[in-house]
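Reading through the structure tokens given below for one structure.
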Amino acid sequence: MGEITNVSEYEKIAKEKLPKMVYDYYASGAEDQWTLKENERAFSRILFRPRILIDVSKIDLRTTVLGFNISMPIMIAPTAMQKMAHPEGEFATARAASAADTIMTLSSWATSSIEEVASTGPGIRFFQLYVYKDRNMVAQLVKRAEKAGFKAIALTVDTPWLGRREADIKNRFTLPPNLTLKNFENIDLGKMDKTNDSGLVSYVAGQTDRSLSWKDIKWLQTITHLPILVKGVITAEDAQLAVQYGAAGIIVSNHGARQLDYVPATIMALEEVVKATRGIIPVFMDGGVRRGTDVFKALALGASGVFIGRPVLFSLAAAGETGVRKVLQMLRDEFELTMALCGCRSLKEIRRDHIVTEWDRPRIAPRL
């Protein structure tokens, strides 16, 4: 394969390099995988209305997220078990994020611990949290993240039960024997039993708290001073509740289409959520972002930034830290080009009227 020219090309390389069980785990979605395809496809139903003859000799991509300055509104989403992709796993991802001056979110189910990732050097990092039945353990985990200098908690709220990922059932997915869920190693929850279906399903059913509810956001606020992002909101009703319960921000996410199939693509759900928050808290999104044009579309619909997941895993599998750096650079370059060609010199110049969606075409014709 010659020069890699876009993010999606890494998936093909990853598929060739990775064991089938691992590739399928990263790549697959729930059930019919309708939402999986839709997450990417839905971006193609949004078109640009570029403005011309604007001086775009200087373009500023910088932004702030929860008060932290970063180089661009493109961040790294939490993805589990990265050492299945590459021996350096989360270390490589953390270094790549830091080099790109952006935020990495570390998964609860990482194959490197909170402390190990912190030891890779400076960088702004968020910690993604699954709430286990043992609340003392959850409190310990959050304290560890705080102590290690992580700056926010991304509370995943769309996984009271694990979605049905049929590839994992067929492959009897389990964590390879040389790896553990490092954050839980010292309390004997780091290993996953081999089962007759997906080992992860059994693990989640056994450990995570299905009774998690809105009041637990209040409980989290009693154990940490870190801002809490609610990850997994896709409706206006839940967006309003997130604001009411004191969330610091929302991540519009359908868990990479791995939980409930036939929910809308996140880019389709985004505007509804943004409107419902009335600008009180920032709204981010993940799911299906593969191009700089996708990033622009998300921002035009009101997102404050996007998170990428699978592109990180696939580039990590293909080329380690170098691959992840390249993915971040390619998305950055494409996004910058999109801004220039749409006539936007800074993020605040990206407006709703720079795009037209299938659901608002009639609205757009201006009276001249």
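Numbering starts at 1 and runs along the chain as it is shown here.
From the backbone N, Cα and C atoms, a Cβ is placed for every residue, glycine too.
What you are looking at is a predicted structure, and each value in this text was computed from that prediction instead of being measured.
The domain 'FMN hydroxy acid dehydrogenase' annotation in TrEMBL covers 1-360. For TYR25, ARG165, HIS255, the entry in TrEMBL reads glyoxylate binding site. According to TrEMBL, the FMN binding site annotation covers 78-80, SER107, GLN128, TYR130, THR156, LYS231, SER253, ARG258, 286-290, 309-310. According to TrEMBL, the active site, proton acceptor annotation covers HIS255.
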Within 10 angstroms of the C-beta of THR156 (FMN binding site), what count of other C-beta atoms is obtained when all protein chains are considered?
22
May I have the list of same-chain residues other than TYR25, ARG165, HIS255 whose Cβ is within 8 Å of the Cβ centroid of the recorded glyoxylate site, in sequence order?
SER28, GLY29, ALA30, LEU162, GLY163, ASP168, LEU200, GLY256, ARG258
Non-local Cβ contacts of TYR25 (glyoxylate binding site) (under 8 Å, 6 or more apart, same chain)?
MET81, MET84, ARG165, ALA167, ASP168, ASN171, PHE173
Does anything in the same chain, at least 6 positions from GLY309 (FMN binding site), have a Cβ under 8 Å from its Cβ, and if so what?
ILE76, ALA77, PRO78, THR79, GLY256, ASP286, GLY287
Using the alpha carbons only, what distance in Å do you get between GLY288 (FMN binding site) and HIS255 (glyoxylate binding site) once rounded?
11
Give me the count of other Cβ atoms within 10 A of the Cβ belonging to ARG165 (glyoxylate binding site).
26
Take the C-alpha atoms of HIS255 (glyoxylate binding site) and THR156 (FMN binding site) and report the distance between them in angstrom, rounded.
9
Please give me the CB contact count at 10 A for GLY288 (FMN binding site), counting all chains in the structure.
27
So what sits near ARG258 (FMN binding site) in its own chain, CB-to-CB under 8 Å and at least six residues off in sequence?
SER28, GLY29, ALA30, LEU36, GLY163, ARG165
Starting from the Cβ of SER107 (FMN binding site), draw a 10 Å sphere and report how many other Cβ atoms land inside it.
23
